[in-house]
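The next block holds one structure in the form of structure tokens; read it before the comments.
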Amino acid sequence: MAVLLKLGVLCSGQGARALLLRSRVVRPAYVSAFLQDQPTQGRCGTQHIHLSPSHHSGSKAASLHWTSERVVSVLLLGLIPAGYLNPCSVVDYSLAAALTLHSHWGLGQVVTDYVHGDTLPKAARAGLLALSALTFAGLCYFNYHDVGICRAVAMLWKL
């Protein structure tokens, strides 16, 4: 019962305000330093709170890239059964483009996450771009001069 009474005092208008002002988390000095974008003294030294927005937070390019990755993934979910049910050159070339884009973006994230340094990431990205271009060219060549991706997979299943 005593706990409920203390909670009632804390949750009332003056009790909650007094609790917040006495708290180590929120103090008027911290609030004013936050509003002025000044460094404040923290537990482990000086902390600097930035009020300026990130240059990339409002970027439409990141949102568009994320959306296009999801569109290609959903497109692949539809193209794979379409290639099985109706193997034709349109589906073959669509699969070549979608598979190449999907693998390029996925491997690009691996390069971003695991390749560090000044020149090594640039070389890895250039190598990835060359690999993706060769993959697309190879799949298009296979579609044009041979049976195509869909029929090749069907022939492999018959083995």
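Cβ atoms are placed via backbone N, Cα and C, with glycine included.
Taken verbatim from Swiss-Prot:
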- His102: heme b binding site (BINDING)
- Tyr114: ubiquinone binding site (BINDING)
- 57-63: topological domain 'Mitochondrial matrix' (TOPO_DOM)
- 86-90: topological domain 'Mitochondrial intermembrane' (TOPO_DOM)
- 112-120: topological domain 'Mitochondrial matrix' (TOPO_DOM)
- 143-159: topological domain 'Mitochondrial intermembrane' (TOPO_DOM)
- 1-56: transit peptide (TRANSIT)
- 64-85: transmembrane segment (TRANSMEM)
- 91-111: transmembrane segment (TRANSMEM)
- 121-142: transmembrane segment (TRANSMEM)
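When DSSP labels each residue, the topological domain 'Mitochondrial matrix' (112-120) comes out as 4 helix, 0 strand, 5 coil, counted as helix, strand and coil in that order. Between the binding-site residues His102, Tyr114, His102 has the most other Cβ atoms inside 10 Å of its own Cβ, all protein chains included.
Helix, strand and coil residue tallies for the topological domain 'Mitochondrial intermembrane' (143-159), in that order: 13 helix, 0 strand, 4 coil [DSSP].
Panel annotation: around the topological domain 'Mitochondrial intermembrane' (143-159), residues 83-84, 87-89, 91-93, 95-96 of the same chain, lying at least six beyond its termini, place a Cβ under 8 Å from a Cβ of the stretch. Per-residue confidence over the topological domain 'Mitochondrial matrix' (112-120) averages 94 (mean pLDDT, predicted model). Beyond the ends of the topological domain 'Mitochondrial intermembrane' (86-90), by six or more residues, the same chain brings 143, 148, 150-151, 154 to within a C-beta distance below 8 angstroms of the stretch. Reported as a whole number, the C-alpha separation between Tyr114 (ubiquinone binding site) and His102 (heme b binding site) equals 19 Å. When the topological domain 'Mitochondrial intermembrane' (86-90) is classified with DSSP, helix, strand and coil residues number 2 helix, 0 strand, 3 coil.
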